[in-house]
Amino acid sequence: GYLDNITAIGPRTVGSPENEVLAVNYLLEQIRGIERESTDAHKISVDIQRPTGSFSIDFLGGFTSYYANITNVVVKLEPRSGAEHAVLSNCHFDSVPNTPGASDDAVSCAVMLEILNTLSKSSESLQHAVIFLFNGAEENILQASHGFITQHEWAKSIRAFINLEAAGVGGKELVFQTGPENPWLVQAYVVAAKHPFASVVAQEIFQSGIIPADTDFRIYRDFGNVPGIDLAFIENGYIYHTEYDTSDRILTDSIQRAGDNILAVLKYLATSEKLAKSFEYRHGNVVFFDILGLFVLAYPARVGTIMNYITAAIAFFYLSKKVLQPKPRAVHNLKKLFAAFSLTLMSWMCTLVAVLMVAVFVSIIGRALSWYTHFYVSVSLYGTAAAAKLILVHMLAKKFFYKNINEQYLGDVFFDASLMIWSIALAVMTQMGLCSAFICTLWVAFPLLTKLMIHKEFSQKGATIKFIVMYMLGMFVPYLYMLYLSWTVFEMFTPVMGRSGSEIPPDMVLAGFIVIFTMILSSYFINFIYLVKSTKTTLVTLTTVFVVTLILVCSGIFFPYSSDAANPKPKRVFLQHTSRRFHDIDGNVVKSDSGIWINGFDYNGISHITPHVPEINDTIRTPCEEQAPFCGLPWILPVHFMFRLRRHFYHALEDMNINRRMPCCSVGKQMVILPLLLIMWTHISVPTGPSHMSLYVRPRTGSALSRWSLGDGMPVASVGGDYFVFYSRGLHAAPWRLWVELTAPEKHSDGIVSLAIAAHYFFGEDQKSPQLHALLERFPNWTFSSGWSCTYDLFVF
């Protein structure tokens, strides 16, 4: 009921009445109802916070964020006698424009309301307070959480937090970040969670920046110095941030599962002695991973380091003993081992290069993302190519390089070569401090134990049934876990390829992942190529599947996108009806235009749309205005580096009938002239415009931006050297006033700084012009087309 009612409000964009009034009123109504029915063991306090602030962040290449009068709904549940310490539970009720935001993040807010209701009705008093933050501006790049943790009086009592997020729609909620350090938090999850799903591998992948996303976890960690747990739904990311993210697509089982886990963990933390003394347990990282969702294994990283080095040492001892016995053949054995080692690495490299060449070819001919709707196509295309190439390299080596050499000896040597590779990888990853090194431990320990247990069978001629069965049983654990992990990785990454921009070919990324998993899963089966008489049938079968799939992909039979009502996988397209004006140093308009700026959010650009909307074609590619920051384009966020300019399109139209409520900037100047240096303070006032604006700053040649009134005072440049400021506001915000300080040469006749401002209309009567609305109506139903109107003004001061 909570979820349905929140999503029924519609898109909840920051600054809109839906977000600032309707959603807030609904939350308050439910919270007041819960408060009335709570037991005497608890005290409930409610606060509406509307903070204003600013901060800089290195996400998306680096930019500065400014927010004014945004909304947080904060609830504190504590014992009647009060509590000194608290645990925070965080969700956000805002959504991106044009989407109902059921999974991101209304379902988390619904779960939190139910948890609040459950805890408040319990007769058992908590030891610590639980603070529920329903934040109203997460989609504006984490603004509301910053306003809370840096400005709210309750924030000082928080010792840990749980952040509830989504990268997909329903399914299991994955713990993909913890800490920093504070191993006791992971142990709390291990002990309390009823349906655990957690992976330190996901944590290290996410924190590497490979996935273009971030959560409030970063804000609490970096600005609040508070440790926490980050959870997210990851299933069906194809419809994340689209109109299809509706409440009916989230299974009740998913909601129940998340509620069971989060309630149990919150209750455990709120009654834990460690919460009050969290600073005493803050040191040390944790290795953690779940076993098929049944339970979680977790142990201190320092223990993992010792285990890893011991495992690697035992493996190296085993290998050295094999090489040195008998001593007269030590040099010969060593040469054979290193030859097999080198050949295995070479086969992996050849496989990677060959498969990536296929991916490049598919991308060049315009068939990228053929697997987006049909994932099996990627396995049939890149998986078979990888397996066939591996087999081919070793077949040729067996035929020409290892001619007339005992098969059992070769099988033994190549098993040892794989063991050596994994042992080196284990030592290196452990030395790098990666907790994911536990995977290498599995791939060293279990194969080595298997080898020691069936070493007699290794010496027998041929691969007998008994040998194969015992070998497979010994390898069962690492293979099962690797298949489970690969499912999780592909579940997360495949949908991301449809929203990762036009710069990186997604086929190369996915093909690379498939090759890596193929190499891992085949590493201890390479020796079978040398043990069996022939692998020609396997090679021919794999090659046939690959060739047939490649022909079908080239023919275009596998359309990337789907409008299937039950399981849509849409193409994302963003359209901005833009009115631009470029001013010279005297304030005169030297250029103006109006048109619809079109961006496809994946590598295919708009090639699949042109047959449906012929006027959107290669003849309207967007030119770069070289003199303007960010090419004179009204980016809502600094994601320009993710998109090739030649894949931008600008469909020229007549000017919009938007009332420019924002004549940009009134400017006051103060100057101090020092020898050879001019320091200028520019005071800028932006009258109240729409709820979302972007400010772009580019110092002119010889000038430099030294300080400003935003963030910590030190300007942060975006990729390319220009400066980007993202502005958003709630209702009734005051005009935006800021100052910048620039240094410049004494002679600056062409100006000191270019400053542009874009106003984005995400809701209301100005959101979609008639021209934009008419164009959106013509887009095919397998697209998710998000459109809005904006104005752009460039000034030189």
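Glycine residues also receive a Cβ, built from the backbone N, Cα and C atoms like all the rest.
Unlike curated entries, TrEMBL annotations are predicted automatically.
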What range among 375-397, 421-443 does TrEMBL record as transmembrane segment?
375-397
Of the ranges 283-300, 661-678, which one does TrEMBL list as transmembrane segment?
283-300
In the same chain, who gets a Cβ under 8 Å from the transmembrane segment (283-300) while lying at least 6 residues past its ends?
172, 175, 178-179, 181, 183, 186-187, 189-190, 193, 195-201, 435, 438, 480-481, 484
Tell me, roughly as an integer, the mean pLDDT over the domain 'Endoplasmic reticulum metallopeptidase 1/1-A TM' (334-554).
91
